[in-house]
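**Q** Would you mind keeping the following structure in view while I ask a few things?
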Amino acid sequence: MNHFNLKLIKRIQNDLIKYNLLKPKKSILIAISGGQDSIVLLKILSILQIQWKWKLSIIYCDHQWNIYSKNQAFHLYKVSFQMGIPFYHGVTIKPLRTEKSARIWRYSVFQRIASISKFNVIVTAHSSTDRVETFLYNLFRGTGVQGLQSLTWKKNIQFEILPNFARSKKSFDLKILSLESKNGIQTYSDYNKLQLIRPLLNITRTELGKFCSNENLPLWPDLTNYNLSIIRNRIRYQTMPYLKIYFNCNLEKILAQIAEILYSENLYFENLSKKIMLKISFEEINSKKLSLSLFKILPLALQRRIIKFFFENHFSKILDFRDIEEIRYYILNLSNNSKFL
């Protein structure tokens, strides 16, 4: 292996330690597509596996978006067989017409496999370039700081609660440790620990391409990535090249740095908001209350975060900017005699 590839592996290993992404002796599920980035990720993790003593497995999610997807899955099966790594293949049975529906379906596949096969970590091959493209995608769509931080190093995957398979006699792994909720619905402890990890966020797509070329890795490019009807692909092949040529050739590096800064700052404000929530909110029988006097003296940025956090955690309701502002104005205009919301 040449010097460039060794140096790249060292950088990734340093990021694993720096951001506390992966630990030794973990069972890791690697989500791959067969393209350059995911195959490089698979190769690097298989090299580091010797030192970190991981148990690796591969998952390929077939969205049925092109006629060659079955051939792509067979190619990946052969790769996994040659490497001696277990292979999982998920195939959708319903049309997936949007990126959001595809992501929800993928996460449901991750959920089932993680539950049955006892995985706590799923690793994806999102690169620094993907992070920049997602930054622009969210910016064009309209978002706040949390959206602009783009792809993050690690993310807890949230799932819908599943039915009680033991009571319904449906087929499932009944040996999984479970928790019983008040309404008779069963949820599984493994799900709460499931994390999505992105160890390549400091590596550009160009660097991954060079590694791939040096190692002569077996690729099967995903044809969906070239479909310009998909917004992300237009950003990749049209918007980014235009911005680099006419505005700043180092734009990718600059936007990646901004995303990393926003990630760190958002993490700080999230932790601060949680600590404040413990001070100004409390629960009574069948109710959750918020101290208005303490809320009103908070800075504007924290007021918005507290409202968002309060409704998400107590009522499982996702608020947009307009909702948050309406609630905030309502609270601020309440009489000073009102102590709680």
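Glycine is treated like the rest: Cβ placed from N, Cα and C.
Since the structure is predicted, the reported quantities are computational estimates derived from the model, not experimental observations.
Pasting the relevant annotations from Swiss-Prot:
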BINDING   Ser33, Gly34, Gly35, Gln36, Asp37, Ser38  ATP binding site
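Looking at the shown structure, can you explain where the listed features end up?
**A** When other Cβ atoms within 10 Å of the Cβ of Gly35 (ATP binding site) are tallied across all protein chains shown, the result is 19.
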**Q** Specify the secondary structure state of Ser33 (ATP binding site) as given by DSSP, simplified to three classes.
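**A** For Ser33 (ATP binding site) - judged by DSSP and reduced to three states - the answer is coil.
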